[in-house]
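Colleague: Dumping what TrEMBL says about this protein:
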DOMAIN    1-375  domain 'Amino acid transporter transmembrane'
TRANSMEM  20-43  transmembrane segment
TRANSMEM  76-95  transmembrane segment
TRANSMEM  115-132  transmembrane segment
TRANSMEM  144-166  transmembrane segment
TRANSMEM  178-198  transmembrane segment
TRANSMEM  210-233  transmembrane segment
TRANSMEM  253-281  transmembrane segment
TRANSMEM  293-313  transmembrane segment
TRANSMEM  319-339  transmembrane segment
TRANSMEM  359-379  transmembrane segment
Amino acid sequence: FQGIFVLGLPYALLHSGYSGLFLIILAAALCCYTGKILIACLYEENEDGQLIRVRHTYEDIANACCKKLAPKLGGIVVNVTQVTELIMTCVLYLVVSGNLLSHSFPYVPVTEKTWSVIAFVMLLPCVFIKTLKIVSKLSQLCSLVHFIIILVVTTYCLTQIHQWSWAKFRLSIEFEDFLASVGVIIFGYTSQIFLPTLEGNMKNPGEFRCMLNWTHFFACVLKTTFALTAFLTWGEETKEVITDNLPSFLQTLVNLCLLTKALLSYPLPFFAATEIVYASISRGNHSNYRSPLFALGVRGSFLLLALLMAMFIPHFALLMGLTGSVTGAAMTFLLPSLFHIKLKWKKLSFFEKCADTSVFILGFLCSLGGIVCSIKGLLEVFG
């Protein structure tokens, strides 16, 4: 929840004003709710009325919903959406790495895209990662670096508290800018693709709902505090990546920490995306597709694809907004509510039916609006 993309939240507040603060809180509540109903779809009651876990993955839930129409259609849609979101996350890490390097070494005559290529070279060993054991160790280091960064930025902002003014918040906002900010905020809470595996590996799955409540609560508090203090410090001068606003004596240090975090974060979405694709291709009796060389080729292709996309769309906030609007909204709002209605309709109360329907409609409208505005913003940049 507290990934590197939290750095885009102050910029989202710049374009959404007071409504952005409300959105951060609302997104936390809605994401917490859809996480719960998604996990509920894994269970069915037996003859004794006890809940039994009959499904294990997001793909299993999707296939169960599309069983009569096309047994594997739902799983294909979910896998494509998952892979898209994970690959876009990898692209964002490359984009932000290039941005951080260019601002850390402004006197080196190298373009931001070239810095992204240098980051790509440092990530080449990812093609040799075969298990989550290595990824988990990197993620532990990543979490440590992240809290150091947030602490430094927040501490600096607090030293500037004498300059804060609530007048920096706008009451009137541009509708298109607001919708683009929605995608940025949603992207910061997307975790649904990992929840079935997480719940299945808990020592006591009965504590899942309580865990989800507390994690979303603390994530909301931390995101709101960070975004608010940063925006009140820089106001209209707030940049896409908030660390670009820091004074030079702190910027280089924090940017290098962020670069370390981005590089350490990259293996998780990269590994997850390649595993989904590799598992889908190698199903059945296609022995040629199960060879180590083929797996290496899949990972290498994805690494190269992420680099090419980073070269053509080097705009952090716009890209994050587009990803959040498309895949984030689908995996976080649209599909969980749709699956819950499909699988549990007869057992849902009137309030639950209304809640699921409202989440679906809201998710669809936000997704549609965010897609249009983010694409328009990208076209204006390239135009």
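Glycine is no exception: its Cβ is also placed from the backbone N, Cα and C atoms.
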Colleague: The transmembrane segment (253-281): which same-chain residues, six or more beyond its ends, come within Cβ distance under 8 Å?
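Modeller: 3-4, 7, 79, 82-83, 86-87, 89-90, 93-94, 96-97, 100-101, 103-104, 119, 122-123, 126, 129, 132, 134-135, 138-139, 141-142, 145-146, 148-149, 152-153, 193, 243, 246, 289, 294-295, 298-299, 302-303, 306.
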Colleague: Please figure out which one of 20-43, 76-95, 144-166, 210-233, 293-313 racks up the most CB pairs under 8 Å against the transmembrane segment (115-132).
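Modeller: Ranked by Cβ pairs under 8 Å, first place goes to 293-313.
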